[in-house]
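Trainee: Okay, handing you the structure first.
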Amino acid sequence: MTAPATTPATTGTRPRHLLDFADWTPERLTALLDNADTMNQVLDRPVRKVPALQGLTVCTAFFENSTRTRVSFELAARRMSADVVSFAAGASSLNKGESLGDTVEVLTAYKVDAFVVRHPASGAAHLVARYSGKPVINAGDGRRAHPTQALLDAYTIRQEFGSLSGKTVAIVGDIRHSRVARSNAELLPKLGARVRLCGPATLLPAGLAALPGVTLTTDPREAVRGAHAVMALRLQQERMSGGYLASLAEYADHYQVNGRLLREAEPGAIVLHPGPMNRDLEISSDVADGERSRILRQVEHGQAVRMSVLYHLLVGRE
Amino acid sequence: MDACIQGTEMKQLTITNIKRPGSDGLESVTVENGVITGWNLPHQGDVIDGRGGTVAPAFIEPHAHLREPGQTQKEDLASGLAAAAAGGYGTVVSMPNTSPVVDDPATVRALIEKADGLGLARLRPAAALTRGQNGEHLAELAYLREAGAVMFTDDGRTSEDARVLRLGLEYAHSLGMVVSVHAEDASLRAGGVMNEGPVSEALGLPGNPAAAEAARVARDLEIVAQTGARLHVQHLSTARALELVRGAKARGLPVTCEVCPHHLLLTDEALRSFDALYKVAPPLRTQKDADALLSGLLDGTVDCLATDHAPHTRAEKERDLLEAPFGIAYIEIAFPLMWTHFGERLGLGRLLDLMTAAPAHVLGWPAPTLEPGSPADLVVLDLDTGREVNPAGFLSKAKFSPWAGETLRGWPTLTVVGGRVAFRR
């Protein structure tokens, strides 16, 4: 009823942060993806560097390990001539007294111009935005959101089919714990695609059916039928101890993205995975390495998309 | 003041220009030795101008965490009881989940003695139902009662072992005491930090399902039916659990329940801010639940209001939603919140009842009145003047609030406890 304004994200018309896609219009998202095309061209040049962010400092604040995402962001920032400073801490070390608010205030005092935040708690990126007052890019917060991953997924699908409009994307796996699934379920319908979320009932929270353009099914064949893109999610092995699954074998038998399941998909459908993969668990090796796989392409696109996001938030001319 | 300062037995006080609820005439009340001596008598002792406010028996808070002993960075008796007095409360029942747990008679006595010396709201401690609130072995309930404990509860934890709860209910009942429960099934609640539903799923936060509360209330009501022992259900948050209590009352079971203003005023939508201010246990539910709880206040299913005053430090509440502790503290503005938002629906009489006679009934105490001979625990309320909530001025150590900046009416201007001024605005 009287929740404080959480983030100043809606000042003016241009979002100040990329925390999730709530403040982002389809037009602005399309501009982001268009701009990623330009960045992709930069990455094809012999000298992969432009001066766009010269003199600016980007802080990657990772309260949870993620080498890949971090390397991708740091390269993206450096290729645009930004200075990069890294802060890494287990979130647990913060529990020994210093609040997230205090940590962020200290980092802000170093006079950085933007934060890239990864944190195990949903909503932590929102808190960093509130405490720092600086532009914040969410690089994954708990189960909540991983918007640059969803953008690179959208970019990859768009590059394949020209547009997201009217396309169907099936996301198969541990939906409950997946920020990638949530971000895609938020983003892709904004760009005109339908999203089907699929997993065992214990990993498929019914509440997500409330999202526009999103349907839920526990039947992978139904999810994949006629889909243009099929995304397998990483299955964290610790879900076994949480009691969500009876056995990995049963899971793989029913939910693995493999050649048999893909026969249900649209001819020409592509396969995505946010990585890192458990080969032959959530995805079969032949599919992961096969002609439909765009998994390495996703990694390439990640850099271009992150360059585009940094440019949008720090320079902002579209 | 003279009489008081001279330390004679004759402590006298007169409050003038006050209205009794339901009457427009300005009256005065006189107090002597902690007891109301009469209305509109010749003034005696210190005279306080009530400025046209409405007088009522001071409120009774059946559920507050004052954090002493052991957690005084969050709150202590002095700050908590001062905050309570500022909120118009004359009596506070403190929860025993402190460090150490209040499970021995000496601690109960020490707390009461210390609080009595403060001259603020009166402390009436609840004691642990089980030793160390371990849920396994009953505490010395008879000794605790003799020491002054007014209620038994393992609040702060949930009573997972149904047999232990059953034994505790039976033993407490034989002592004429009430047991209160934080009714949530811990295994269903699991790691939930907010209500389970579309909002928790959209936010990617672990959900606590309504079934966790309903299932536990259902179990506990069966124990009441089996034993006939009195049970008080704390801070009901769901429509379903309320329905279960309604059914039990219809069957004539000796059960009472309380509802917290924050469960009426806020919903799980507030968590979209990711602000741990809104992380409470049981969690903020849906508007449908809040509406049902209000209906329960209107039809009498809900016996009384409680704030579940649960202060934490600002640093603790600035943590992320997984790490931050559960709890919200607003005892100073509970009546203004209720009067401003629900005064019309509830009416002044019912609202005052929910904060005075009703909690007294839950605790097995006589209903407080304004009649001569009654204890002089009084509050004077300014029902009309709007005033902004300013958490920086809170007397509680928790100086932050979801309602900061909101204009409320119904502020207490004077709280008298045992014939002494405990708060004056």
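Note: Cβ is positioned from N, Cα and C throughout, glycine not excepted.
TrEMBL: automatically predicted annotations, no manual curation.
Taken from TrEMBL, the feature domain 'Aspartate/ornithine carbamoyltransferase carbamoyl-P binding' applies to A:16-159. Here TrEMBL flags A:R68, A:T69, A:R118, A:H146, A:Q149, A:G275, A:P276 as carbamoyl phosphate binding site. For A:K96, A:R179, A:R234, the entry in TrEMBL reads L-aspartate binding site. Annotated domain 'Aspartate/ornithine carbamoyltransferase Asp/Orn-binding' per TrEMBL: A:166-313, in sequence order.
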Trainee: Does DSSP give A:G275 (carbamoyl phosphate binding site) helix, strand or coil?
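Mentor: It is coil.
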Trainee: Summarise the domain 'Aspartate/ornithine carbamoyltransferase Asp/Orn-binding' (A:166-313) as counts of helix, strand and coil residues per DSSP.
Mentor: 63 helix, 25 strand, 60 coil
Trainee: Starting from the Cβ centroid of A:R68, A:T69, A:R118, A:H146, A:Q149, A:G275, A:P276, the recorded carbamoyl phosphate site, name every other residue in that chain with its Cβ within 8 Å, sequence order please.
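Mentor: The surrounding set, listed in chain order, is A:S66, A:S72, A:A139, A:G140, A:P274.
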Trainee: Which ones in the same chain are close to A:R68 (carbamoyl phosphate binding site), with CB under 8 Å and 6+ residues apart in sequence?
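Mentor: Long-range Cβ contacts: A:G275, A:P276, A:V299.
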Trainee: Take the domain 'Aspartate/ornithine carbamoyltransferase carbamoyl-P binding' (A:16-159) and count its residues per DSSP category (helix H/G/I, strand E/B, coil), listing them in that order.
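Mentor: When I sort the residues of the domain 'Aspartate/ornithine carbamoyltransferase carbamoyl-P binding' (A:16-159) into the three classes, I find 68 helix, 26 strand, 50 coil.
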Trainee: For the binding-site residues A:G275, A:P276, which one has the sparsest Cβ surroundings, going by other Cβ atoms within 10 Å?
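Mentor: Taking A:G275, A:P276 as the binding-site residues, the minimal 10 Å Cβ count falls on A:P276.
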Trainee: Measuring Cα to Cα, tell me the gap between A:H146 (carbamoyl phosphate binding site) and A:R234 (L-aspartate binding site) in whole angstrom.
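Mentor: Cα-Cα distance, A:H146 (carbamoyl phosphate binding site) to A:R234 (L-aspartate binding site): 14 Å.
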Trainee: For carbamoyl phosphate, with binders A:R68, A:T69, A:R118, A:H146, A:Q149, A:G275, A:P276, what's the maximum Cα separation in whole Å?
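Mentor: That value is 16 Å for the farthest Cα pair.
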Trainee: Just the number: how many Å between the Cα atoms of A:Q149 (carbamoyl phosphate binding site) and A:R179 (L-aspartate binding site)?
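Mentor: Just about 9 Å between their Cα atoms.
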Trainee: What's the CA-CA gap between A:R118 (carbamoyl phosphate binding site) and A:R179 (L-aspartate binding site) in angstrom, rounded?
Mentor: 12
Trainee: Among the binding-site residues A:Q149, A:R179, A:R234, A:G275, which sit with their Cβ under 8 Å from a Cβ of chain B?
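Mentor: It is A:R179, listed by sequence.
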